[in-house]
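**Q** Okay, handing you the structure first.
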Amino acid sequence: MFVVAFFGLSLVAWHPGVTAQEKVNQRVTRAVTPQAVSCQLSDWYKWTDCFPCQDKKYRYRSLLQPSKFGGTICSGDIWDEASCDSPTPCLRQAQCGQDFQCRETGRCLKRHLVCNGDNDCLDGSDESDCEDVRVTEDDCHQYEPIPGSERAALGYNILTQEEAQSVYDAKYYGGQCETVYNGDWRKLRYDPTCERLYYGEDEKYFRKPYNFLKYHFEALADTSISSEFYDDANDLFFHIKNGKSHSAGVTVGVAPVKSPVSIEVTGSGSKASSFLNKLNKYNEKRYGFMRVSTKIQTAQFKMRRNNIVLDEGMLQSLMELPEQFNYGMYAKFINDYGTHYITSGTMGGIYEYVMVLDKEKMKTEGTTVDEVQKCIGGGIGIGIKDSTIEGVGISGEFCENSGDGDRDIRKKITGVEDIISRVQGGSSVWGSVLTHNSSAITYQSWGRSLKYNPVVIDFEMQPIYQLLRHTNLGPLETKRQNLRRALDQYLMEFNACRCGPCFNNGEPILDGTNCRCQCSMGRQGLACERTVIEGLKDFKAAGHWSCWSSWSECRGGSQERRRQCNNPPPKNGGTPCLGRNLQTQAC
């Protein structure tokens, strides 16, 4: 039996009879199930050369065809690695001339950065053998780095929606002593041990790393809640997908880092897969979903655009890439450091939860969606900012702001089957507590911890190959073009456009090497091709994009590629595909 991993729907076989379930099955509209397609992997490509700085070699195989419609799935990974002994020494950056060279990675440093008290080399070799360490006049070493700096320095995989390894060096200061003022230091704090009030003078200033052009603490935080109600799991899935869509025409997804795959619906952040998996058991049509989220901003930042200093690990990997194109080696680089890098964004935290509602119990007890909505803010003591539920008012005494959290909501609302939370940012202690109990006290404590433990909650980004134009390493055009070529192939290989067609508003999912269709309410089948509820024959169905074609030949300094809204096309006046069907690029 075919099972869907996220929000899976059980398939019901058709049998004549007189039971209640069989009467439902008798209403199934006959439709032709698409032919099963089995997964195909290529043979292993040859091993890469031994990476001398890692003493490892790698090989890969391509996903020629994901399995579809119940076809045989593939087993095993697409990546493989083995230990090796390199005949050549560990590669270093080009000779540094009169400048200092870090022993381990070969990074070049200006002489004034040696023995200045900052570890500008990962191995600390620039600060070893120093008889007299020069300390800056302002003694910047007493300041902590700006909160969240190491998170903003990470690469980002647009397919997996996961952070990758560090791209920027978040600990490099370039001999500069630039600080950021924190206005919150004036707030009085209480020390229970010494029983005294004090100002947090040690948090008055934070030090800004070289790769950060701007960083500004936010004085105001957005602490309002937004809520949306979804009638079934597929409806929730669809809106999560649209909320995270990107203009580049790439299908985003959730997947293990070792085996990048695409899933066309996802939440953001590294915990998205777990968040969706917890909802998997609530896939029956009797369940509805109230999705509630709040976002708190703590800082705005912008990264340096030119003369970027790369993380030493990335620098080392970049120097090992061959000048001649090798997809396996370049794809491994993308897999490690991400498809994109962050250029600017917002720090803070996100608290999101989904209330799983048993609609049958609510109907029996006379509980309405309006009443549920009125109770949402009461559990954690804050108000509703916006709601997509038409005609719902915020006033009323159905659920007061008691601040008792999940217990308050479960007690006052009949039909709340479960509350599934996801927390991003803040201290690990309060974040863990908030996940299991969303009371006013835990919410406020978590919010206060965000200032010094934020994550990147909104950001702008660029493809990873563009970074090579803006480093301090000199010309890298050949490797940049190779990386761009590899990224196009990488994004296409693991895109959910290779799945489908999923009919009747079904959502295509590429999980590992297996394609699946998440069906909307009243639809069944491996391709959601069957109708199990009367009156849905003229149901409006949205269209889905095909994959992009290959790039055309270069003409007049540009080339183009196209895609079609036929996977499947819109039906009965359904929504056409969003986005452009044509892309151009310089060549």
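Cβ atoms here come from the backbone N, Cα and C positions, even for glycine.
Heads up, here are the entries from Swiss-Prot:
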DOMAIN    38-91  domain 'TSP type-1 1'
CARBOHYD  W44  C-linked glycosylation site
DOMAIN    94-132  domain 'LDL-receptor class A'
BINDING   L113, N116, D118, D120, D126, E127  Ca(2+) binding site
DOMAIN    136-498  domain 'MACPF'
TRANSMEM  248-256  transmembrane segment
TRANSMEM  259-266  transmembrane segment
TRANSMEM  377-384  transmembrane segment
CARBOHYD  N437  N-linked glycosylation site
DOMAIN    499-529  domain 'EGF-like'
DOMAIN    542-586  domain 'TSP type-1 2'
CARBOHYD  W545  C-linked glycosylation site
CARBOHYD  W548  C-linked glycosylation site
CARBOHYD  W551  C-linked glycosylation site
**Q** Which whole number is the mean pLDDT over the domain 'LDL-receptor class A' (94-132)?
**A** 82
**Q** In whole Å, note down how far the CA of W44 (C-linked glycosylation site) lies from the CA of D118 (Ca(2+) binding site).
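**A** Here the two Cα atoms lie 45 Å apart.
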**Q** Going along the chain, which residues six or more apart from D120 (Ca(2+) binding site) have their CB under 8 A from its CB?
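**A** Sequence-distant Cβ neighbours: C102, R107, L109, L113, D126, Y172, Y173, G174, G175.
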**Q** Which chain neighbours of the Ca(2+) site, leaving out L113, N116, D118, D120, D126, E127, have a Cβ atom within 8 Å of the mean position of the site's Cβ atoms?
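**A** For the Ca(2+) site, the extra neighbours are L109, V114, C115, G117, N119, C121, G175.
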**Q** Among W44, W545, W551, these being the glycosylation sites, pick the one whose CA is nearest to that of E127 (Ca(2+) binding site).
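**A** The answer is W44.
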**Q** Quick one: Cα separation, W548 (C-linked glycosylation site) versus N116 (Ca(2+) binding site), in Å?
**A** 52
**Q** DSSP helix, strand and coil counts for the domain 'TSP type-1 2' (542-586)?
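**A** Taking each residue of the domain 'TSP type-1 2' (542-586) in turn, the totals are 0 helix, 12 strand, 33 coil.
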**Q** Cα-Cα separation of W551 (C-linked glycosylation site) and N116 (Ca(2+) binding site), in Å?
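**A** Distance (Cα to Cα, whole Å): 51 Å.
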**Q** Provide the three-state DSSP residue tally for the domain 'LDL-receptor class A' (94-132): helix first, then strand, then coil.
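**A** Final tally across the stretch: 6 helix, 4 strand, 29 coil.
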